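Single-structure report; data block below.
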Ligand SMILES: [Zn+2]
């Protein structure tokens, strides 16, 4: 990139540091005291440079890290300017100047990557959680969960079977023990696991054993796959509550099992009802 292009891309302050090897004033940068969890990227090219897990308080006035994000995320070169022998740190991808490396950092590396805030862009890690439910044909179950506030992503697939990488044809044989499931990523600050469970109970009939309406087979079983002891406890409590409420006069047969590997279903199954302009599938 030409100098002119860099000037367009970067702010004046960024340009002076990243392209002219300047240094921001100590204690002036916005990330010196940032304690958030996430990834620090190169402000010029977005390359992942440092993880917040390796950031430490150096007391010197610039964000300090003891290890780069991955092998090659930064490069170091000898810098003999200003009458000092220092090691310069540059972005491993675009070569922009970031700061300097000193051998006085904490364990385990003993290194201190002293980086200008202005050369960084902090990408805060969103704390998402996951949940997986099987409630019959996954088309309809996915459509219901997708509408919920706080659900950031849904994927349909297979879980809980006897072999790896099953296809739809495999699971339709009803001999693989995989269940059709919806894998959900959600923001726990917007929707709770209990709320997801409430929806799960409503979108299918948990008293039907290995079937949902016209769909018959173990792949259509009612199942909650949990990812933590907390999810397991909440699922059991929620099942008990439903049983006690006597909404159903038959026994609830929902299986509560530890999550196994999730296999994404073929693309044509993803958001199936949405793609076909349907509200619900035949199972409802
Ligand atoms: Zn870069």
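Cβ coordinates come from backbone N, Cα and C, glycine included.
The active site, nucleophile annotation in TrEMBL covers 114. Of all Cβ atoms in the shown protein chains, 23 besides its own fall within 10 Å of the Cβ of residue 114 (active site, nucleophile). In the three-state DSSP assignment, the secondary structure recorded for residue 114 (active site, nucleophile) is strand.
Cβ neighbours within 10 Å of residue 137 (active site), excluding its own Cβ and spanning all shown chains: 23. The active site feature in TrEMBL is assigned to 137.
In three-state terms derived from DSSP, residue 42 (Zn(2+) binding site) belongs to an extended strand segment. Non-local neighbourhood of residue 42 (Zn(2+) binding site): 49, 91, 93, 94, 96, 98, 119, 120, 121, each in the same chain, at least six residues away, with C-beta under 8 Å from its C-beta. The feature Zn(2+) binding site is assigned by TrEMBL to 42, 45, 91, 94.
Marked as domain 'MsrB' by TrEMBL: 3-125. Look at the domain 'MsrB' (3-125): DSSP puts its residues at 23 helix, 40 strand, 60 coil.
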Exercise. So which recorded positions out of 42, 45, 114 are up against ligand 1, CB under 6 A?
Worked result: 42, 45
Exercise. Near residue 91 (Zn(2+) binding site), how many other Cβ atoms are within 10 Å of its Cβ?
Worked result: 22
For this session: Please list residues from the chain of residue 45 (Zn(2+) binding site) whose Cβ is under 8 angstroms from its Cβ, counting only those at least six apart in sequence.
Result: 91, 93, 94, 96
